[in-house]
Amino acid sequence: MNQRNASMTVIGAGSYGTALAITLARNGHEVVLWGHDPEHIATLKRDRCNAAFLPDVPFPDTLHLESDLATALAASRNILVVVPSHVFGEVLRQIKPLMRPDARLVWATKGLEAETGRLLQDVAREALGDQIPLAVISGPTFAKELAAGLPTAISLASTDQTFADDLQQLLHCGKSFRVYSNPDFIGVQLGGAVKNVIAIGAGMSDGIGFGANARTALITRGLAEMSRLGAALGADPATFMGMAGLGDLVLTCTDNQSRNRRFGMMLGQGMDVQSAQEKIGQVVEGYRNTKEVRELAHRFGVEMPITEEIYQVLYCGKNAREAALTLLGRARKDERSSH
């Protein structure tokens, strides 16, 4: 591979970053995958697979591993960031001085900035300036299924139409990976944060033993909360009926591959927050997202009762069953009301 001729550099060698890198490479593109741990990258190079997360999926020949950040960023103008939301800004500040002058940045990170609750587009603009084209991909994607080449569909939004077109062409694979473009940059970002919160609630409901009726009601009312918050932020309500909204919400709330759902189930079964996090063993994005989404809702005056009760369980010690009873005991309302 020419040192400056890769189609994409992927920043983040966890399960999802690796799965996206495999997907791009399987499409015939030269891809560089960078990880912050040199020992981990050396292991990936040796094994030609990510044995920790995706042990049954060998790397295509066009997937190249790199532990030197400068070398990785020099390899391509297209940078795909796949890191947890709480380190997103830190990673962007780290890569900024090493990026090529023609660089374009897309992220698959789902969530909001830790502590501030800002959209990641605002974090990116602050870290990188106003000139660089930005994009986000989001949707119902479990890493194992994506890496295995099973049919998957996502949404893509960008500040730059040329970048959006290029990304759609790079990522789209007629056999397994369908990429829908969407001009709603805010909505595509927001859906991925709120669904993490609702998935914890769905897990709690199932952990308590409430059944399919309750789970479905929670998903539906969770979608209403997502849509209300999105409208307050200027998103297009139609976005939340697409891949980055309803699609991701249903997937994360109903399948046990979801860490957020499993975390919620443990809480519903009576486990404490810290023990549940330790048992999951990986980042549970919804834990931080709950606090951030709640703060964002308060800032914009949006009522989100499900989010509020999940916050009470995670941060105030409320019992999951008590939280559920609080929701069930709310005053009667018109289903179409804004609260």
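Every residue, even glycine, has its Cβ placed from backbone N, Cα and C.
From the candidate list Lys110, Lys291, the residue Swiss-Prot records in the sn-glycerol 3-phosphate site shared with Gly139, Thr141, Lys195, Asp248, Ser258, Arg259, Asn260 is Lys110. Here Asp248 (sn-glycerol 3-phosphate binding site) comes close to Lys110, Ser138, Gly139, Pro140, Thr141, Gly191, Gly192, Lys195: these same-chain residues lie at least six apart in sequence, with C-beta atoms under 8 angstroms from its C-beta.
The two recorded residues, Asn260 (sn-glycerol 3-phosphate binding site) and Val283 (NADPH binding site), have Cα atoms 9 Å apart. The most crowded of the recorded positions listed here (His36, Lys110, Lys195, Arg259) is Lys195, judged by how many other CB atoms sit within 10 Å of its own CB. Note on the binding-site residues Ser15, Thr141, Ser258, Asn260: the fewest other CB atoms within 10 A surround the CB of Ser15.
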